[in-house]
There are 2 protein chains.
Amino acid sequence: MSEQRNLSINGDRLWQSLMDMAKIGATPKGGVCRLALTDVDKAGRDLFVDWCRAAGCSITVDRMGNIFARRPGRNNDLAPVVTGSHLDSQPTGGRFDGVYGVLAGLEVVRSLNDLGLETEHPVEVAVWTNEEGSRFAPAMVASGVFAGVFDLDYGLSRADPDGKTMGEELARIGYAGDAPVGRPVHAYFEAHIEQGPILEAEGKTIGVVTDAQGQRWYELNITGVESHAGPTPMTRRKDALLGAARIVDLVNRIGHQFAPRACATVGMMQVYPNSRNVIPGKVFMTVDFRHPEDATLAEMDKAMREGVAKICDEIGLGAEIDQIFYYAPVHFDDACIDAVRKGVAEHGFTARDMVSGAGHDACYLARVAPTGMVFIPCIDGISHNEVEDATPEWVSAGGQVLLRAILEKAGQVN
Amino acid sequence: MSEQRNLSINGDRLWQSLMDMAKIGATPKGGVCRLALTDVDKAGRDLFVDWCRAAGCSITVDRMGNIFARRPGRNNDLAPVVTGSHLDSQPTGGRFDGVYGVLAGLEVVRSLNDLGLETEHPVEVAVWTNEEGSRFAPAMVASGVFAGVFDLDYGLSRADPDGKTMGEELARIGYAGDAPVGRPVHAYFEAHIEQGPILEAEGKTIGVVTDAQGQRWYELNITGVESHAGPTPMTRRKDALLGAARIVDLVNRIGHQFAPRACATVGMMQVYPNSRNVIPGKVFMTVDFRHPEDATLAEMDKAMREGVAKICDEIGLGAEIDQIFYYAPVHFDDACIDAVRKGVAEHGFTARDMVSGAGHDACYLARVAPTGMVFIPCIDGISHNEVEDATPEWVSAGGQVLLRAILEKAGQVN
C-alpha cells in the first residue's frame, strides 16, 4: 500500500466550501436555517450539483429527492462506494451538522481528480433528503425509504405543519427525480461532527464509530387531582407534578445505573393547568433511553416501569406509559470500521472508538450496505445550535480519513 | 338573647336564588362563566339589584363598580354592617364561589324583613368587582381599592388581554358609579364555600375562619446547558429539568415539614427548548408558599433558598429566585369570630376553626374593618371548576350563621 501513503485532500478547499455553503440560509448569529425542501435548501442543492458537475460527476436524483453525484470507476458495473450526509438543517442549526459529510465527500472526489487516481468501483457523493425531520417528521425519512424502512408513498406524503407534502415540495423546487429509491451499495461511509463533548474533552481528533445507540422513546401521562394550592392540605394532595418530578429523578438515576454507555433524558414536560396557584392535575412528559445493547435497553425499560409504578402508588397517581418509537442498536460493518482505522493510522491522528448517540442516515444505510462512520469533534460538544463550530484541522483530518477509507473499499487502481 | 333564638332564614329561597343566578352564564357542564364586567356579569348584577330593590334596599355603586344594597337601621348615622362577596367567576367556574356570599347576604336581608326585625346599624350587602382576577389582574382589586391597598387610578386602569380597562368596561355596562371608594364599615362578614376538602372530610358543616394564610409567591429560573440527548454522557450533563424536578420535591418536603398548616406548591413549569431529544437548558417554575404565620413563611423561604442552592451546586446549574408577591397573614377580628361562633352554637351546627387557604375580599376588608368569615363545605373540596357543588343543607346552615353574626354586630332592636 506504499503508493497510498500521504495521499492528501485539500483541507483549505474543504473549509472554504463549508463556509461558502454556510452563506446559504445564514443566520445573524452565525448559524444556518436551511429547512428541508425550502427555497434555501434548493439553493444549497443547486450549489452542490454545480460543484459536482465541475468535478466531472454525473448527477442522479431519485424519487425521494436524494442526490447522487457519481465519479465513474474502472468497472462501472460494480456497485458504488457511497459517502455523504444531508444539507438540510435545524431551524437554528450550525454550519457543520450534515453538510460536513456531504462536502467532505465532494472533497474526496476533487482530491481523487487532483491526484489522478482511478478506483475500481464508482464513488458517489449522496445528499439525503430531510435528515433532520425539523420540517417533515420523521427524521432520516429519505434514507429510510432508500433502506426499505419506509414505503415510498409514506415518504412522499409526509407533510409539514402547513400541510405541504414532501412530494409536492420536491416537485416545486425541481428535485422530484425519477430514479427508483434504493439500489445496491458496495459500502457507505458518513463523516459527521460528533455532536457531543467526548472527543474534544479527551483531546482526540477522530472518532471511529463502531456502533449507533439503540433508542426507546416514551410518552408518559401522569394523572392526579387538580386542586387549589391554598385550601388543600399537603396530606390530601394528588400532585401530578410531584410524581413527574420524581420520575425525572428516576430516569436520571437509570441513566447513571447503566453508565457509561447509557443515556436517559426527560426532554419535554407539559403541566396542566400550569397555573401558579393550582396543584397540577396532569403532566405529559417524554423519556428518551439510549444504549448500544438491546438487552440493556430492556433492563432500563423494566427499571423505569417499576419505578414509575412505585412513585405513582405512593402519591396516588395514575400513569400511562407508551413506547412510541424504537430504534434498534446498529453495529457498523467490521471491514468498514477497519478501513476507517487504517485512515487514522495512516495519518497518525489521535482517535478513539465511539458509539454514535444521535441517529444518522448511516444507521439506515447500515441495513442494506456495509457501513462505517467517521466523527470529528465539535467545540464544547454543541450542535443543533447556531454557535456549532469546529476547527479547520479537525475538518481536514476527517476528510483525510474519509479519503483513505473510500479508497480501501473502492479499490485504488493506479 | 332569648328573643333571637331560632331566628330562621329561608333556606329554600336562598337555594332557589343561587340556582336562578347560576342560569346567567351557565355552561353546558353545569358551571358558570361570568367573567368580570362582561355582558353576563352585567346581567348578574342587574338581577341582584332587582332582587335587592324588591327587598326594600337602596342601591349605591362606587367608582370601582362595587355595589352596596342598603337596608336602613334605626340609626343611619352609624357605619353599616356589611356582608357580601363577588358575582364574577372563573372561566370554568362553579355555582357557589363568590355568589354564595352575595346571595346569603341578600337572604339575611329578606329574612330580617320577614321576621320584622330592625337593627341599630344599617345592614348592607356588597358585590365586589373582579374578585377572581381572571379577566383583569390582580385578583380582589376592587375590594383592595376600597381598603386602600391600591389607588383608584390603578384599579380603573387594569386591562384585560384585549386591552380593555376596568374603567372602560364599567362605563360600558353601566356600573361606573359615582360614590367614593372606601368609607367606614362597622363590621364585615363574608360567607364562602371552603374550596378545600377539610370540612366535608371531617363531617363538619361550618368553618369558623380565624385567619387567612399569608402567601409568598416566587418565580425561579434554573439554567443549565442545552445539549443533545444522545451524544452527551450522563456525567457531563447540566440538566436544568433535573434540577427543577429536585426543587419540586424539595418544595413538597418543605410543605410537609411545616405541616399541618403549611402549603407549598409548584403549579407552573415551562421547559426550554422542550424537545424530547434535547437535554433541557432552562426551566421556569413558580413556587407558592402559604402559612398563617409570617415567621413560618420566613423559615420556609430560608429552607427553599438553601435547598435550591445545594441542588443547583450539585448539578452545576444557575438559579435565580424572585419573590414576586407577598400577602401578609390575616388574623380576623376576635369579636367577629365570636359572633360567628355564637351563630354556630345557636343552631347546634358541627363546626371547626379554619384558616382560609385562598384569598378573599374579606382579607382586604380586614385591614379597614372588624371582619369575620363563615365557610361551608363544598363537595370533594372542588372549586374553580364547573363541577363545584354544595348541598342545600350546607347552604342554609351558612346563611343561618351569617344572620346571627350580623344581628350580633348590627344590634337587634326589637
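Note that Cβ sites are derived from N, Cα and C of the backbone, with glycine treated the same way.
Taking the Cβ of A:His192 (Zn(2+) 1 binding site) as reference, residues of its chain lying under 8 Å away and at least six apart in sequence are, in sequence order, A:Ser85, A:Asp97, A:Gly98, A:Tyr100, A:Gly101, A:His360, A:Ala362, A:Met373, A:Val374, A:Phe375, A:Ile376. In the three-state DSSP reading, A:His192 (Zn(2+) 1 binding site) counts as strand. Taken from TrEMBL, the feature Zn(2+) 1 binding site applies to A:His86, A:Asp97, A:His192.
A:Glu132 (Zn(2+) 2 binding site): 21 other CB atoms within 10 A of its CB, across all protein chains. Under the DSSP three-state reduction, A:Glu132 (Zn(2+) 2 binding site) is assigned to coil, being neither helix nor strand. Positions annotated as Zn(2+) 2 binding site by TrEMBL: A:Asp97, A:Glu132, A:His384.
The annotation domain 'Peptidase M20 dimerisation' is assigned in TrEMBL to A:213-310.
Checking the binding-site residues A:His86, A:Asp97, A:Glu132, A:His192 against chain B with a Cβ-Cβ cut-off under 8 Å leaves no residue at all. The local packing around A:His384 (Zn(2+) 2 binding site), expressed as other Cβ atoms within 10 Å of its Cβ over all shown chains, amounts to 24. Cβ-based neighbour count (10 Å, all protein chains) for A:His86 (Zn(2+) 1 binding site) stands at 29. Each residue contributes its Cα atom, and for A:His86 (Zn(2+) 1 binding site) and A:His384 (Zn(2+) 2 binding site) those atoms are 14 Å apart.
Within 8 Å of the Cβ centroid of the Zn(2+) 2 site, not counting the listed residues A:Asp97, A:Glu132, A:His384, the chain contributes A:Ser89, A:Gln90, A:Gly93, A:Gly94, A:Gly98, A:Ser134, A:Gln195, A:Ser383.
Sequence-ordered, the extra residues of this chain that approach the Zn(2+) 1 site, with Cβ no more than 8 Å from the Cβ center of A:His86, A:Asp97, A:His192, are A:Ser85, A:Phe96, A:Gly98, A:Val99, A:Tyr100, A:Gly101, A:Glu131, A:Ile193, A:His360. For the domain 'Peptidase M20 dimerisation' (A:213-310), the DSSP counts in helix, strand and coil order read 38 helix, 33 strand, 27 coil.
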